[in-house]
Amino acid sequence: MQGTTYTILYVEDDKSTSEILTLYLQKQKYRVLHFDNVEEAARALVNIEIDLAILDVMLPKGDGRDLLRQAVARNIPSIMVTARISEEDRLEGFDLGADDYVCKPYSPRELISRVNALLKRTKRGQQGDALLFEGLKIDLNKKEVLCDDEPLKLTAVEYALLLALANSINSVLSRDQLMSKAWGSSAEITDRAIDTHMANLRKKLKENKQSPRFIATRYGQGYQFIEKKMIL
C-alpha cells in the first residue's frame, strides 16, 4: 500500500505512542488525522471521508467503543487498539464490528502490516466485477452485498469471509484458511473470534441454522458456501 494516499483516523491519548505510530503511517504515505478524544474524532467521522480507523478503547474523555459503532455504521474498516487483553474483550470488539483487534504493547511495524492488509482487502476489486447467486449479489468494485435485493451492512472482515467462501463454492474452508484470507497469514485470531464473525455474518444474511441457504457449518472441519452460482 506504500505510495497510496488514504486517510486514516487515529484515536490515541498517549502522546508518545501516537507520535511514533503517526510517523510510521506517514512514512507509508498515509494521511493521518490524530485525535486524543472522542468528541473531535466523532466530528471527523461525520465531516471527512475516512478510509480506515485505528481506535483506542480506553480514553480519558469518552469511550472508544462509541467511535467504533459510528465507524461501523459508516462502513469504515476499523482496528481496535487496547490494553484489554482477555478473549472476552476481543470478542466484544468483534461483536461491535471491529475488523481487527490489537493489544498493547504492540509493534508499530505489525500494526502497519495490519493496516496495509485491511486496506488491501477493502479496496480490492475491479470495476464491473460481481459474484451473482440466487438471492445474493457481491459487487467486487463497490464492496457491496445485496441479499434479496436488500443492501447488507457488512464489516470489512465479514465481507472478506463471505467473499472467501463465495469464491470456494461447495468447498469446506477451515478456520485457519478463513483466518488467512480475512486477516492475513500473520494474524493471531482465535477460533471463537472467527465463529463470532461468522455468526454476525449469518445473522445479517438471515440464515436458518437448521436449513442454511448460503453458509453451512461442517463440524470439525469449518464452513462451506453451498449456494449455486447463477449463470447469466
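Here the Cβ of each residue, glycine as well, is placed from N, Cα and C on the backbone.
Model, not experiment: these values are computed from the prediction.
As written in TrEMBL, here are the features:
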- 7-119: domain 'Response regulatory' (DOMAIN)
- ASP56: 4-aspartylphosphate (MOD_RES)
- 128-227: domain 'OmpR/PhoB-type' (DOMAIN)
- 128-227: DNA-binding region (DNA_BIND)
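Sequence-distant contacts (6 or more apart, same chain, Cβ under 8 Å) of ASP56 (4-aspartylphosphate) comprise VAL11, GLU12, ASP13, ASP14, GLY64, MET80, VAL81, THR82. Looking only at the domain 'Response regulatory' (7-119), the predicted model's pLDDT averages out at 88.
DSSP assigns the residue listed as '4-aspartylphosphate' to a strand segment in the three-state reduction.
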